[in-house]
Amino acid sequence: MDFEANEDLNGVRFSWNVFPSSKTDANKNVVPVGCLYTPLKEIEDLQIASYNPVVCAGPQCKAILNPYCAIDPRSSSWTCPICNSRNHLPPQYANMTQENMPIELQQTTVEYITNKPVQIPPIFFFVVDITAEQENLDALKESIITSLSLLPPNALIGFMTYGNVVQLYDLSCDIIERCSVFRGDREYQFDQLVEMLTGQKPSNTMAPLANGKITPLSLNRFFLPLEQVEFKLNQLLESMSPDQWSVPAGHRPLRATGSALNIATLLLQGCYKNVASRIILFASGPGTVAPGLIVNTELKDPIRSHHDIDSDRAPHYKKACKFYNSIAERVAENGHTVDVFAGCYDQVGMSEMKKMTDSTGGVLLLTDAFSTAIFKQSYLRLFSKDEEGYLTMVFNGNLAVKTSKDLKLQGLIGHASAVKKTDATNVSDSEIGIGSTSVWKMSALSPHHTYGIFFEIANPNAVSPITTDRANLAYTQFITQYQHASGTNRVRVTTVANQMLPFGTPAIAASFDQEAAAVLMARIAVFKAETDDGADVIRWLDRTLIKLCQKYADYNKDDPASFRLAPNFSLYPQFTYYLRRSQFLSVFNNSPDETAFYRHIFTREDTTNSLIMIQPTLTSFSMEEDPQPVLLDSISVKPNTILLLDTFFFILIYHGEQIAQWRKAGYQDDPQYADFKALLEEPKVEAAELLVDRFPLPRFIDTEAGGSQARFLLSKLNPSDNYQDMARGGSTIVLTDDVSLQNFMAHLQQVTVSGQP
């Protein structure tokens, strides 16, 4: 099966492409039935229809006309494959012929531009931490000013700064700088905020807010079209200076991050609820003022570590999580998005704030400073545009998953929040990820966003196979509604059909997509790791791997040497091995903020990028051979080669000992050694190609044998040769107590053939 072809066509990859016919049989497969779906995947020759979709009249269905529908031209009707109900075709389909079929009956993925225009343009609310040092703040100002030129002229702009206090700017005033100042140590309620800014009770202000008109007393005066306020905003940004509040020696600055976010989200709730909005937070350090306090101001109090959190010795952690989680729920319900950009060496509290971005489709980016290329380029890539000049980001997304009676939905893992629906009949009682619903809300979406969706086979017990093809197919339809940057409302519809067969049928094993399965299981593991002990999660991964091998490996009992896996299962164990060692589950060397950042990126990427994060790619360059992929293993490190490591988060070029000596001797500058110069350039060219479209921009590392940054490569390698094997010799010795892949596989084979559970 060509799994990637289906992904290119529909943006979908299933763990099993042929489903077992019963729930009992599906449980025997160990790896759940699930898929990775990219709603806005850039599909070649995507068909776009400039009319509203035809919707099934079934009260609990509402599926959309698709190629799997049975069409009866004589009665001008169609039968829905999801609910089997009969529907009338609209009059415009009356002249339909086999040669003149509408695109929705030909293509499994179609995008509709509906006739309902967007009333209010998108809103961008900049929230800037001014406790940064002057150099860092200047770099940030430059990036924000540049980003304004990338926004639509009619976009509504809001601006807020914070340090010890929160300052909300009224951009409607051209003559003087007018702003409202709020205490940073106070958690304002919605009614209080509205009354302070309008002089009226909320019940009196809601009516004028709804019509969108801007008056001197309305809350929406704080959000004005970019074309109207760009000059004023540029003046504000250029005159912005670090917070003047004095910082005693041995203390951190007073930083009211929590209060600023609370006010920003309440303000948008008051005037633009369910309107496309992004709150873009730029943080230069941790919040040191309650609400949302991350760490005390005294530097002698260290910021919490994973060990502190696990041992319940992080005094502010739970309270801060509760505060930011409440903001996350409010923001998601209001259809708004929060982005968090950190520009400092210290942690800023991403671990506490992550739900605000994860539940709304926002960006979480961890960088050392706003002056770094990683921040500058990643931030500007947020505003990337398509071929027609529109922003690739979209707003107010909503994903509904329709299934035929054979399937139920267990849940979704990705950057979304649940839309609670009580009338859905295809919802399972058992949850994986965000469950108990068939509809999820994504306040913001991009072509990068990919969601893991998990299914349960509805039939409880095995059934005898039915001979008709139609009865043996399970249908799934993904309906994504969103607001396009062009000002149109759109609906993208993807419909797929999967064959259902009894357990043990060879076609089920042949349909296993080990790459998609590894990523889906990794998403479950990462989701579990948020609440469960890390060791328990790794034990769960090991048990599922053993059970899968016991079901699908070919072996003789108690004979490890006889162990064999089919080609489409053979890589799955090593994916699990590298996942166990990855920063997603092994958090020993990472801060809580780093872990939050890594997991955030992992749960939004597609199969290919996720696999790079799990098992980085390693390419070897040498004078003797063309560039070629090599094992992620210490045996691949040789004196006469250059290695290119891609972990997704960083790209590293490693020069072997001999290559490094030649480079230091300057051989590349001698025309006689043009081949050597070309060899040095090859990995740089390939690295540059990897950097072009990636978001966020990876860190670039250039190192050599014995260099201090060579540790970034060695930490990712399978330690075939470690200090315990020094007597054997080897290319490079890796100083680690980690189990090697060879020992891991030997133990897996031993346990599998022994029949142990």
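Keep in mind that glycine also has a Cβ here, set from the backbone N, Cα and C atoms.
Database features, via Swiss-Prot:
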BINDING   Cys56, Cys61, Cys80, Cys83  Zn(2+) binding site
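Sequence features, as recorded in Swiss-Prot, placed on the structure.
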| residue | record | DSSP (3 states) |
| --- | --- | --- |
| Cys56 | Zn(2+) binding site | coil |
| Cys61 | Zn(2+) binding site | coil |
| Cys80 | Zn(2+) binding site | coil |
Among Cys56, Cys61, Cys80, Cys83, the one of these binding-site residues whose Cβ has the fewest neighbouring Cβ atoms within 10 Å: Cys61
CB-centroid shell, 8 A cutoff, Zn(2+) site Cys56, Cys61, Cys80, Cys83, site residues removed: Ala57, Gly58, Lys62, Ala63, Ile82, Asn84, Ser85, Asn87, Lys402
